[in-house]
């Protein structure tokens, strides 16, 4: 097993590395992860996406290698577009407790269907 495969296989989200945010002012962190992959839960075919993560940190920020490894753990999982983005959103919201967070999954078209999933902490449901 190669070292990258080993790191991904052994990654435990419970131990995801986070760092203290010592900044006195609010600011937005924007992270783009253009190589997301998961497998369709029905067919097993790969689904590819670009993940856009934005958040206003509270007391913690995610370490960049840790977010990369976490995202790569989805590579061989059978999980839907919706479930994968909701899981990423919920995990980061729980781990970081940010003042605001948004996670967008922009999936490559498959079968003439283009899907974009967005989870955000300030989402207002229309009446």
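Glycine residues also receive a Cβ, built from the backbone N, Cα and C atoms like all the rest.
Remark: residue 40 (active site, thioimide intermediate) has 46, 47, 78, 80 as non-local neighbours, by Cβ distance under 8 Å and separation of at least 6 in sequence. Classification of residue 40 (active site, thioimide intermediate) by DSSP places it in coil, neither helical nor stranded. What Swiss-Prot lists as active site, thioimide intermediate is 40, and the listing cites sequence analysis.
For residue 47 (active site, proton donor), the number of other Cβ atoms no farther than 10 Å from its own Cβ, over all displayed protein chains, is 21. DSSP assigns residue 47 (active site, proton donor) to a strand in the three-state reduction. According to Swiss-Prot, the feature active site, proton donor maps to 47.
What Swiss-Prot records for 62, 63, 64, 81, 82 is substrate binding site, and it gives sequence analysis as the kind of evidence. Following the DSSP three-state reduction, the secondary structure of residue 63 (substrate binding site) is coil.
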Neighbour tally for residue 64 (substrate binding site), based on other Cβ positions within 10 Å of its Cβ: 13
Other C-beta atoms that fall within 10 angstroms of the C-beta of residue 81 (substrate binding site): 20
